[in-house]
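Asks: Pasting the feature list from Swiss-Prot:
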ACT_SITE  His108  active site
BINDING   Tyr26, Gly27, Ser28, Gln29, Arg49, Ser53, Asp83, Glu84, Ile85, Gln86, Gly134  NADP(+) binding site
BINDING   Asp191, Glu195  Mg(2+) 1 binding site
BINDING   Asp191, Glu227, Glu231  Mg(2+) 2 binding site
BINDING   Ser252  substrate binding site
DOMAIN    3-182  domain 'KARI N-terminal Rossmann'
DOMAIN    183-328  domain 'KARI C-terminal knotted'
Amino acid sequence: MTVQMEYEKDVKVAALDGKKIAVIGYGSQGHAHAQNLRDSGRDVIIGVRPGKSFDKAKEDGFDTYTVAEATKLADVIMILAPDEIQQELYEAEIAPSLEAGNAVGFAHGFNIHFEFIKVPADVDVFMCAPKGPGHLVRRTYEEGFGVPALYAVYXDATGNAKNIXMDWCKGVGAARVGLLETTYKEETEEDLFGEQAVLCGGLTALIEAGFEVLTEAGYAPELAYFEVLHEMKLIVDLIYEGGFKKMRQSISNTAEYGDYVSGPRVITEQVKENMKAVLADIQNGKFANDFVNDYKAGRPKLTAYREQAANLEIEKVGAELRKAMPFVGKNDDDAFKIYN
């Protein structure tokens, strides 16, 4: 399947004109979507449960309501609460207030694709999924460009769902740099696979394994940390900027030769088969059900995984080394918090 990048000129209909927009949730993505849309001239209110997010939204100048109140007032409702709480939030506070002709949006297809949330047939369902964290969605918008986004339609009750999704993407700044049309199935499954097999799960497991190999062979933990973790950003930045080609042009011949010779010894066909098994568990819903069931049980598995990860030797070594590198970790930690 070949997809074509679309831009502001391709957003033909100002579908959000005259619409009351409710952003549900005011965390990482919520604050960015809401502020960008407001700055794009849209009529935005916030729906959120009492707490830090509620207070922050009011502080930022938004009319802020309970989730149920905001849903009743709005024509277009974007649900940007964490995936695991969306089902109960939708069933208790959003669904009873929906009306025919409303539009409901998401930034990730998880709950719609796996059918944890079922929206009435007379309501549009769309997606705007920026390919970056909320603080970058906001910052790049303020700088005059944006973060690329995927958009999709799951249900088109009014015949206007695609226009709403594209206009939403334009409003948050994504159409300045590029939009790609997708489906809920494709976005959800690819996004989860990327996170689990490569970007988060695969990467951290690779780094930890490399650290263990070096330290178990007698090398100093501090030096091992620099070799397998600290330098990762330098390499990833080069790949991000110009693909594998730019990275390989920027490293030594020794490193490049070692890349070709040893990379396939680490990432073998068996690793690829393991990746296929990860993808299968995503496609058949096993991962989604395990994740949701763990949340409903009080997160025992997630809590145990977090405790185990916090006690890794590489984390302890890294924490000490970063104290001596004041230029590392200067980002505002608050920008990365997600308030429920």
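Heads up, the Cβ atoms here are built off N, Cα and C, so glycines get one too.
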Asks: Could you give me the DSSP helix, strand and coil counts for the domain 'KARI C-terminal knotted' (183-328)?
Replies: 123 helix, 0 strand, 23 coil
Asks: Taking the recorded positions one at a time (Arg49, His108), which has its Cβ surrounded by the most other Cβ atoms within 10 Å?
Replies: His108
Asks: Summarise the model's confidence over the domain 'KARI C-terminal knotted' (183-328) as a mean pLDDT value.
Replies: 97
Asks: Given a separation of at least six residues and a C-beta threshold under 8 Å, show me what packs close to Glu195 (Mg(2+) 1 binding site) in the same chain.
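Replies: Expected: Gly201.
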Asks: Count the Cβ atoms, other than its own, that fall within 10 Å of the Cβ of Ser252 (substrate binding site), considering every protein chain shown.
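Replies: The Cβ of Ser252 (substrate binding site) has 8 Cβ neighbours within 10 Å.
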Asks: Calculate the distance in Å between the alpha carbons (Cα) of His108 (active site) and Gly134 (NADP(+) binding site), and round it to a whole number.
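Replies: Spelling it out, the Cα of His108 (active site) and the Cα of Gly134 (NADP(+) binding site) are 13 Å apart.
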Asks: Got a sec? Which of these binding-site residues, Asp191, Glu227, Glu231, has the most Cβ atoms within 10 Å?
Replies: Asp191
Asks: Just give me the nearest neighbour of Arg49 (NADP(+) binding site) among the binding-site residues Asp191, Glu227, Ser252, Cα to Cα.
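Replies: Comparing Cα positions, the candidate nearest Arg49 (NADP(+) binding site) turns out to be Asp191.
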Asks: Let me know how many other Cβ atoms fall within 10 Å of the Cβ of Ser28 (NADP(+) binding site).
Replies: 21
Asks: For Tyr26, Asp83, Ile85, Gly134, listed as binding-site residues, tell me which one has the smallest number of other Cβ atoms within 10 Å.
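Replies: Ranked by other Cβ atoms within 10 Å, the binding-site residues Tyr26, Asp83, Ile85, Gly134 bottom out at Ile85.
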Asks: When you rank Asp191, Glu227, Glu231 by Cα distance to Gly134 (NADP(+) binding site), which of the binding-site residues ends up on top as the closest?
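Replies: It is Asp191, whose Cα lies nearest.
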